[in-house]
Amino acid sequence: MIEFYSKARLPSRFGSFEIYVFKNDENKDHAVIVHGDVRGKSDVPVRIHSECLTGDVLGSMRCDCRDQLIESLKYIGSQPYGMLIYMRQEGRGIGLLNKIRAYNLQDQGLDTVEANLEQGLPVDERKYDYAVDVIKYFNIESIQLITNNPEKLKYLEEHGIKITKRIPIIIPPTKFDEFYLETKRERMGHLF
């Protein structure tokens, strides 16, 4: 369950947005970046983006998270309305410390899936129930989900969110993230 706390204007290089802050029952803040009026609308472009300190903030090239975030904001900002739900779920939900430990294991030759399993952690521990709550908070009729992740599609549909379209995010791989993206496609079913 989420609770709305505050909002403010957020002018950005990607357009005019408002930022909403919600807290969940784990007392984590989740940011929702909204462009235009999404209340009660259909076919709202929505990106559910999980926090990635190394990629989003530090510009790590081990993943494509920052590029996905930027491309999503550009797309949403170019539409009449849309939203990005920024979930505080670092490292596919395992937290920053375990993510850095996974990086170390990847440096030793494991892939991203094997690195989590080696630590006794799930491959992906993210939860999308708060995203469902946010979409319902805005009374959105249907969404166009900006994602490559089939698990997000499945979860949202199973929890009553009508998805009219999947919008893929195609980011050309680099020599640094090519193996990571290949693992996401082959072992996690991501749709590129």
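Including glycine, each Cβ sits where the backbone N, Cα and C put it.
According to DSSP, GLU51 (GTP binding site) is assigned to coil rather than to any helix or strand. Taken from Swiss-Prot, the feature GTP binding site covers ARG47, ILE48, HIS49, SER50, GLU51, GLN68, GLU90, GLY91, ARG92, THR112, THR147, LYS152.
Summarising the annotation, Swiss-Prot assigns Zn(2+) binding site to CYS52, CYS63, CYS65 and lists sequence analysis as the type of evidence. Annotation for CYS65 (Zn(2+) binding site): spatial neighbours HIS49, SER50, CYS52, GLY55, ASP56, criterion Cβ-Cβ under 8 Å with sequence separation of six or more. Under the three-state DSSP scheme, CYS65 (Zn(2+) binding site) falls in the helix class.
Here Swiss-Prot flags ASP124 as active site, proton acceptor.
According to its DSSP assignment, ARG126 (active site, nucleophile) is coil. The active site, nucleophile feature in Swiss-Prot is assigned to ARG126; the stated evidence is sequence analysis.
Residue pair THR147 (GTP binding site) / ARG126 (active site, nucleophile) shows a Cα separation of 15 Å.
Across the residues annotated as binding GTP (ARG47, ILE48, HIS49, SER50, GLU51, GLN68, GLU90, GLY91, ARG92, THR112, THR147, LYS152), the widest Cα-Cα separation comes to 23 Å. Counting Cβ atoms from all protein chains shown, ARG92 (GTP binding site) has 20 others lying within 10 Å of its own Cβ.
Figure note: comparing Cβ neighbours within 10 Å for the binding-site residues CYS52, CYS63, the maximum is reached by CYS52.
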